[in-house]
Amino acid sequence: MASKSFRASRSNLSTASSDVLDSQNVKPPLPPHVTFARRTSSGRYVSYSRDDLDSELGSSDFMNYTVHMPPTPDNQPMDPVSQRVEEQYVSNSLFTGGFNSITRAHLMDKVIESETNHPQMAGAKGSSCAVPGCDGNVMSDERGNDILPCECDFKICRDCYLDVIKTGDGICPGCKEQYKTTDLDEAMETVRSLPQLPPLSGMSKMERRLSLMKSTKSALMRSQTGDFDHNRWLFETKGTYGYGNAIWPKEGGFENGKDDDIVEPTELVNKPWRPLTRKLKIPAAILSPYRLLIVIRMVILGFFLKWRIQNPNNDAVWLWGMSVVCELWFSFSWILDQLPKLCPVNRATDLNVLKEKFEMPSLSNPTGKSDLPGIDIFVSTADPEKEPPLVTANTILSILAADYPVEKLACYVSDDGGALLTFEAMAEAASFANIWVPFCRKHGIEPRNPETYFNLKKDPYKNKVRHDFVKDRRRVKREYDEFKVRINSLPDSIRRRSDAYHAREELKAMKEQRQTKGDETVEIVKVKRATWMADGTHWPGTWVNPAPEHSKGDHEGIIQVMLKPPSDEPLQGTAEDGGVIDLADVDIRLPMLVYVSREKRPGYDHNKKAGAMNALVRASAIMSNGPFILNLDCDHYIYNSQAMREGMCFMMDRGGDRLCYVQFPQRFEGIDPSDRYANRNTVFFDGNMRALDGLQGPVYVGTGCLFRRVALYGFDPPRSKEHSPGWCSCCFSRRRKHATVASSPDENRALRMGDSDDEEMNLSLSPKMFGNSNLLMDSIPVAEFQGRPLADHPAVKNGRPPGALTLPRDLLDASTVAEAISVISCWYEEKTEWGQRVGWIYGSVTEDVVTGYRMHNRGWKSVYCVTKRDAFRGTAPINLTDRLHQVLRWATGSVEIFFSRNNALLASSKMKVLQRIAYLNVGIYPFTSVYLIVYCFLPALSLFSGQFIVQTLNVTFLVYLLIITVTLCMLAVLEVKWAGIELEEWWRNEQFWLIGGTSAHLAAVFQGLLKVIAGVEISFTLTSKSAGDDEDDEFADLYLVKWTSLMIPPITIMMVNLIAIAVGFSRTIYSVIPQWSRLLGGVFFSFWVLAHLYPFAKGLMGRRGRTPTIVFVWSGLIAIIISLLWVAINPPAGTNQIGGSFQFP
């Protein structure tokens, strides 16, 4: 394995990473003069005078200066052949680096032990270089065929070719003739240029890759105050602009000004405009009674609480006081939960319109190439023991097979544990995708997760018409079985390989010792027990036997491009390509797949999942820069291959530029049919989230969410002042210092931060927010433009012209990946806004809710996308203990939110009132557990004391109780109707509300208070996603009883209430004048508590039929004995007989 070093330092990332590759290790000569310059978005440099440096870029703490070296014989732009060679090198190299370490590219000739065939995959087999003494592989094209630069067909590898070009005057080592570059360009040309677009020959590589606009005015325009007007400099343009190149009309048309300034082409005027989405209102026959009942119940609760306060129980004031306080809190909590449900909505998408607008030939897109924006998909994993590699591999396969333009997809897998097991499992998945993805495209397979597909209980041959489907399915199934065996054997394979290399290293060390010491006694040589990769080198991440710089919290940053970016044009397979199946006329391209493990070092707070996601945001911005980001947990796979298209309908529709994210519902597999612990959570996902969709949008729930990249960067939505004037705008006008900026069209200020019109994104402050990577900052306006809706109608504001995203992105080079290594370093976020305002927000175990809250607080909106076929599916813990720990983590995060500046009480005026109430309820709901615990003990206290919460069970109390109960049931029925759930699911949710409220929520309150008051940090373990060991029962985990202290409060409540019921009956029977009303009141509420705790009690019993009958007999006898003892110890005054006829001994 060869290694290459890149000059990277903390002080200047971009300069080091953009240097010419030093494959020949020759430093370029010094230029005749040195000028200070700023790197522009297109890759060019703008010279600065000393005054410009002092005035425009005065923040020396965060700004880097670039020393521009003019082109020299050793510093020349790459030709197309060199670019293709460079990409081949990148896809076969493992990049490592980090703080105070050199960024290296390790050229790997072997990624996994099995053979790799797909030409896009790292370590793909190829011909050997014919240059004597070189064992490199010849570069290949999209099909894996050798690319031979000379007509003599002399085979030459990448390094030798570069040496010949740089130092050998371009003479072929085979025929000794000059390379014919023109013929090579024609041979390498795989992307046909569009006829209506101007030639790109005059553009630099960076200009084509980032595609920023060329300003027609001075690069340093100034506003009326003399300050640098960054927004105008950035957005006023008529040049090339977009993903590849977007050509704005030369003479007017699509101007980003006011509506009357827009000049539409004739094709848009004559063609009827069709929306991509529709809002479906809930029928008034359901919604109107629902709203009316909410109002009626609120009024009844008010009268009831007033009556309760005015009629105390003088015989037991303590009992009455506790009950009234609890009832007041329950009423307040119910109102917080119910008010945001007043405006539920449903939405529908039209995928045919999406296809017609973005993927059909038109005047602006004659070839019909996809004009959809790119999507970067993030998959996060941290521990291969709790998150099995086979589960992660299936998720990756479902992503690679998704129905979205292949060249627009990029999948990034974050391995926060840095495990070789995850790395090789990914490589195996990429290898199997060579068969699986074309098979799915050929036969329209759903779902595209192989494990789920091959275990479907329905008929797999339904609606399949191709004659070779049965044969293909049988062969792919066999290949998948072999793939599973390889994945399952990886741990043992890695161990055996490492042991073998370790033994070789020990023998080698002993041999060297003998040669050194001669005949002296040879001591046993101790060699570090390393973890070895398939190519015979040390794994740079976490070793199986941890060592310094090779443990979970201490290792280098790693990036491996498993599948290099695909070609822009479809690559039709042949009968020989598949090997196992016939892939003729099937597109065999695969999306880009990248393995990322961020650097970790002791002493740094890596911020868990939120930190890993932010590292992916930065790395993906440099490598692919998709304007949209879809994040998935490793166990959540794509169940509907068109899910991303459905989400894109909302983003690309009119007004879609103000959407920060599209949240999909979470659906789960492997849950017991009765859903004992409400794991499906349908009341929340189908009820609460639909209701929030009618306000400012649903909350972000951690997975299955399609983000707008610039919203994650902390920018405000476009036209934010137009949509959010503020509560006091009618009384107080805003002071406007910069009239030019304030009066300019808002589309020209799409990347705006802050609450005032005169606040602009200063160039010198960008490194302070995003870090000192110029490539990262240059990518921001590109992502903003690419994410705009299509400007195909005069009413579409802040749009982009049709056909803007049809050109291919540039090929990856090593300097780009080296820059990505730099931005995932552990120190990169220091003195920046990452985790504070930019990216996923730190400081809470529920970083998802906080991140969504910050976006809504800036005025963004979100949308809830419920598809007919589930978009994504995942797994949920069905074991009681795991479920309680999961709920504990969520509740603790809510308590942290309540005691932080993310409390909804401190929200800005840009957040709607009902949305604010919804977020307030998110932070308050765990505190209900304190009152719930007290209320659950009240029936037992009533039965023990012989008193009740009211003086007597009179008619008034019973009527109030009846009305409150009936209205609750009617509300439940109507909510079930508009939410589309079942009544049983609603009841399961109510049961687990009490189970969680008396266990996990109470513990969360104490943990949250300890963190706020004493500063005690909270740590949680990953929820296990591995299945049970019992192969005969898929629900074996359901019956496992794993003890946890969270079970103590519910068990205590059950035991106390059961004993209290027995004591109450005994007391009443024993009394001369039985108080049946008090007994019935106490027993009724005790049964209410026990009915809610029934699933918890069932979980404690373990597997059905395994609990001996004698346990129940003994439990009953103990309860009776305790009851009789209570009566004997504390009998009613004046008697010692039970019912007057039985004499207690």
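Glycine is treated like the rest: Cβ placed from N, Cα and C.
Per TrEMBL, the stretch carrying the note transmembrane segment among 292-314, 1051-1073 is 1051-1073.
Most Cβ neighbours within 10 Å, among the binding-site residues K386, K608, K609: K609 holds that distinction in the structure as shown. It is 1079-1097 that, among the stretches 918-941, 953-974, 1079-1097, forms the most Cβ pairs under 8 Å with the transmembrane segment (1051-1073). If you look at the transmembrane segment (1079-1097), the same-chain residues 6 or more away from its ends with a CB under 8 A from one of its CBs are 676-677, 880, 936, 938-940, 942-943, 948-950, 953, 988, 990-995, 998, 1047, 1050, 1053-1054, 1057-1058, 1060-1061, 1064-1065, 1067-1068.
If you look at the transmembrane segment (953-974), the same-chain residues 6 or more away from its ends with a CB under 8 A from one of its CBs are 286, 289-290, 293-294, 296-297, 300-301, 303-304, 307, 983, 986, 1077-1078, 1080-1081. Take S380, K386, E387, D416, K608, the residues named in the record as contacts for UDP-alpha-D-glucose: the widest Cα to Cα gap among them comes to 16 Å. If you measure from the Cα atom of S380 (UDP-alpha-D-glucose binding site) to that of D633 (Mn(2+) binding site), you get 6 Å. Across the structure, K386 (UDP-alpha-D-glucose binding site) and K609 (Mn(2+) binding site) are spaced 15 Å apart at their Cα atoms. Taking a C-beta cut-off of under 8 Å and a sequence gap of six or more, D633 (Mn(2+) binding site) has these contacts in its own chain: V379, S380, G702, T703, G874. Listed in sequence order, S380, T381, A382, S597, R598, H606, K608, K609, A612 are the same-chain residues at least 6 apart in sequence whose CB falls under 8 Å from the CB of D416 (UDP-alpha-D-glucose binding site). Around the Cβ of S380 (UDP-alpha-D-glucose binding site), a 10 Å sphere holds 22 further Cβ atoms from the protein chains shown.
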